[in-house]
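What follows is one structure encoded as structure tokens, with my remarks underneath.
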Amino acid sequence: MASLNITNVEKSFGHTHILKGINMDIQDGEFIILVGPSGCGKSTLMNCIAGLEEVTGGQICIENHDITGVLPKDRDIAMVFQSYALYPNMNVHKNISFALEIRKLPKADIEREVERVAKLLQIEHLLDRKPGQLSGGQRQRVAMGRALARHPKIYLFDEPLSNLDAKLRVEMRTEIKKLHQRLGTTIVYVTHDQIEAMTLADRIAVMKDGHIQQFGTPQEVYDNPANRFVAGFMGSPSMNFIDTELVSHEGQVCVKLLVLDQLHYLPTPSEEQGLKERVGQKVVLGIRPEQITHVIPHYASNPSTFIVNAKIDVIEPTGPDTLVLVKMNEQEVNCRVEPHEAGKPGETMSLMINMSKTVFFDPITGERL
Amino acid sequence: MSESKTADLTSVAMTPRRNSRMGDTLAYWMPKLVLSPTLIIVLVFFYGFILWTGYLSFTNSRMLPSYDLVGWANYVRLFNNERWFVSLRNLAVYSVLFIVICLAIGLSLAILLDQKIRAEGALRTIYLYPMALSFIVTGTVWKWMLNPQVGIEQFVRGLGWETFRFDWLVDPNFSIYTIVVAAVWQSSGFVMALFLAGLRGVDDSIIKAAQIDGASRFMIYTRIIIPSLRPVFFSAFVMLAHIAIKSFDLALALTGGGPGVSSDLPAIFMYQMSFTRNQMGLGAASAMIMLLTVVAILVPYLYSELRTKKHEH
């Protein structure tokens, strides 16, 4: 358990710059998730923390000790790999005890440690098996056991659940969360799955093109995205982006929305003061699908909700909700409605838009306004 | 509407279908037709001749095959023959050294080549080239190189080291080792290729995991990578073992079994008995013993290979 400070870390391979100045301050016991599309540098950053790649610039500190040039084995970290990376020629017991043997721990201590870890992860009955004889989920547990055995200061998880099937992935996700709550260790976890990021993290770092786009709690990242990329990356189905224009209408700053040949003026949330200066300019309205629903009478009187009539293009039932695809400002918009309220394709239905949580982006730079 | 469309389609398809039925028949018979000459050749010239040799080994054949059975007499004579034992002992020395040295050199070269070095492709080709030569060529070249009058010994003496001696080729106590040298030169590149393929198959993240666990480079190789190459060791061993047992052309070109019979091998023994010394029955018996030796190595190998394949699926 330890804090981890990453200051201005850069990494390039030849002329390719992978990391362009990463800054992160991670507190003791925090569960941090690095998330981003493939090629964004998240795995490289992880390898730099582990010491498997040398950084080209910047500093990495664990517990305020500079470990930038220290060998991986002396950093006191443990890593769980996507491919599990179990030693194929050793049985589970050996896999877990290998690092302890290298560190020349007394035999009795090693035995005790293996037993403890095996019990913690419920793999006691597998200790004599070779990795080849284990299922994916069991291998995953062994890989975690190997990491846990050394009581390292920091755990690194490199897409550990990507190779599991969907059901097992959800189970293991919960288990990792439980494990973190029980052990209270500092964890840095790489994934490209934004649901994993939302469910597990204390704080999420959204990365793109070697930069951290936003670093905050899951709810912050979800509700207050720093830019259009973060807004689109987090959340499934993804946020709707509607090209529109800011106008002054009845004393309020509104956006123009054309739905089914009828022009609506929807007032922007009062917190978005900066929008006043942009009246008359084009902006991108960001609104999540769950903020466009069927008409719920209880909410309909709320000042921030507006009702529009739209023609349904496509419906996609997901079980708990049905996604309804309609056109606003000639652009496709996803709405999330109760299954029994959803109409059929071609029909017209009333939709309730909640403007209170909408966000606005610059149409060119994609930055939040 | 849709029905008439289907009918239309079938009538259109009628003409090409007859052709395709002929094509189907052809496609069905073609592989069998193409393979049958090979099958006949294999049946007659491999298995047929094995059976014939087996039969001859129980007859009193001398210069030409005869079919008078004499029971186990040839085998009794074989195992009372001094020269046969010399050749067996030579085979043991030769094959153990050849296999061990080839595995050692092959593995070392593969590990060194696997260090992400420059010009790896060129080096790999260079190491593999000896494999492209026939054993006769290798034997002849090494015969010249090892010949004290024209080869390495003469060369080093020409450099001024007048007392240098390297005359294994003409020394009855060392002649067998010259065959080891030439055979290792020829085959270790191939073993290297096998090991290199095995090393490339090792998951990169396993090595990373071991680094984080604190293993040194040496330990990563000795404790993790080399043990995981066990199947490669096994395949390489089986291939080298049967090359060693079959060794004939190399020894014949290099030493001819000499000086005297000091570098005799079972294959040379078999050839000379059968074709130059009019002892065909005895030669056939020695051939059968060699066959059984190869079988004794190959059967467990094939068994384990087939079993693991089944296990995986």
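Keep in mind that glycine also has a Cβ here, set from the backbone N, Cα and C atoms.
According to TrEMBL, the feature domain 'ABC transmembrane type-1' maps to B:88-303.
Annotation comment: TrEMBL describes B:26-55 (among others) as transmembrane segment. The list of residues near the transmembrane segment (B:26-55) in space but at least 6 beyond its ends in sequence, with Cβ under 8 angstroms from a Cβ of it, reads 67, 284, 287-288, 291.
Same-chain residues lying 6+ beyond the ends of the transmembrane segment (B:91-113) with a Cβ under 8 Å from its Cβ atoms: 120, 123-124, 127, 176-177, 179-180, 183-184, 187-196, 198-199, 221, 226, 229, 233, 236-237, 240-241, 243-245, 247, 265-266. If you look up TrEMBL, you'll see B:91-113 (among others) marked as transmembrane segment.
Residues or ranges marked as transmembrane segment by TrEMBL: B:125-145 (among others).
Summarising the annotation, TrEMBL assigns transmembrane segment to B:174-199 (among others).
Taken from TrEMBL, the feature transmembrane segment covers B:220-245 (among others).
Tertiary neighbourhood of the transmembrane segment (B:280-303): same-chain residues 50, 53-54, 56-65, 70, 73-75, 77-78, 81, 84, 234, 238, 241-242, 245-246, 266-267, 269-274, selected by CB-CB distance under 8 Å and a gap of 6+ residues from either end. Under the heading transmembrane segment, TrEMBL lists B:280-303 (among others).
Tertiary proximity for the transmembrane segment (B:125-145) is limited to same-chain residues at least six positions away from its ends with a CB under 8 Å from its CB atoms, namely 109, 113, 151-152, 169, 178, 181-183, 185-190, 192-193, 247, 249-255.
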